[in-house]
Amino acid sequence: MNNRRFDCIGIVGHPRHPAALATHEILYHWLKARGYAVMVEQQIAHDLNLTDAITGSLADIGQKADLAVVVGGDGNMLGAARVLARYDIKVIGVNRGNLGFLTDLDPDNALQQLSDVLEGEYLSEQRFLLETHVRRTNQQSRISTAINEVVLHPGKVAHMIEFEVYIDDRFAFSQRSDGLIIATPTGSTAYSLSAGGPILTPTLDAIVLVPMFPHTLTARPLVISSTSTIRLKFSHITSDLEISCDSQIALPIQEGEEVLIRRSDFHLNLIHPKDYSYFNTLSTKLGWSKKLF
């Protein structure tokens, strides 16, 4: 493998328990002992009392580091990735969460795996993001991005939503449902999968639209090109509606507004250990049957 090596490493995450925080500390001292320049996210440095460490925000790490190591679960990775995708930086994850579709490194073997990665032994891929605009005619949009999915849903109390979906400015369908999930291939193994959506392999240039509890027997998931633009229109809004991005950012929708969703210009530069297999990850995480022979 003729991959670039790394000089400056960023350590990122929001540790929720002592074991995750300990992983950050071990990683910091291990990298420093090997002569790497290390930049630590500010809150982590504060929690670990790393008074001599170079610290910075996620944006600082994106601008100055070559590689960001995200310690935590997929939630931590999603939050970091939405920021780091704006910069020319590679990203890898140490799994300190539950499922860990995006965080490959096993915490018990992370240093050995990371050692190989730092020597240039890794697989690289790009994951695209979705960009969401909540807008009103002649007014500035409220904008957010998502790695996994954009979800239309009631704001507080679950209830039926009535809306129309336009794809590339052509009417596609109307729907009465509890909401709509619009997912990337990365997000197709998350909320979308739980709602009955298909799994899209990461290299597919596609987006999937998955209805949530539709009030009809004929509504089905729809896979479209990732170059398409999706527009959601509402005849009237009688109660709270929201668009959520990766279940972390919520944009309220008000009367007279519409929602525009399209592929972002940014992408996440995700890397994996050299022995990574997407289908092995699926089999392991989803409990699929093993090979017969």
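For all residues, glycine too, the Cβ spot is worked out from N, Cα and C.
As given in Swiss-Prot:
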{"type": "BINDING", "residues": "D74, G75, N148, E149, H159, R176, D178, T189, A190, Y191, S192, L193, S194, Q248", "note": "NAD(+) binding site"}
{"type": "ACT_SITE", "residues": "D74", "note": "active site, proton acceptor"}
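Recorded features from Swiss-Prot, shown on the structure.
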residue: D74; record: NAD(+) binding site; Cβ contacts under 8 Å, 6 or more apart: G97, L99, G100, F101, L102, T103, A190
residue: N148; record: NAD(+) binding site; Cβ contacts under 8 Å, 6 or more apart: L78, A183, T184, T186, G187, A190, Y191, D246, S247
residue: H159; record: NAD(+) binding site; Cβ contacts under 8 Å, 6 or more apart: D178, S239
residue: S192; record: NAD(+) binding site; Cβ contacts under 8 Å, 6 or more apart: E149, I181, A183, V208, V210, P221
residue: S194; record: NAD(+) binding site; Cβ contacts under 8 Å, 6 or more apart: none
For NAD(+), whose listed binding residues are D74, G75, N148, E149, H159, R176, D178, T189, A190, Y191, S192, L193, S194, Q248, the greatest C-alpha pairwise distance in Å: 31
Neighbouring C-beta atoms (10 Å sphere around the C-beta of A190 (NAD(+) binding site)): 23
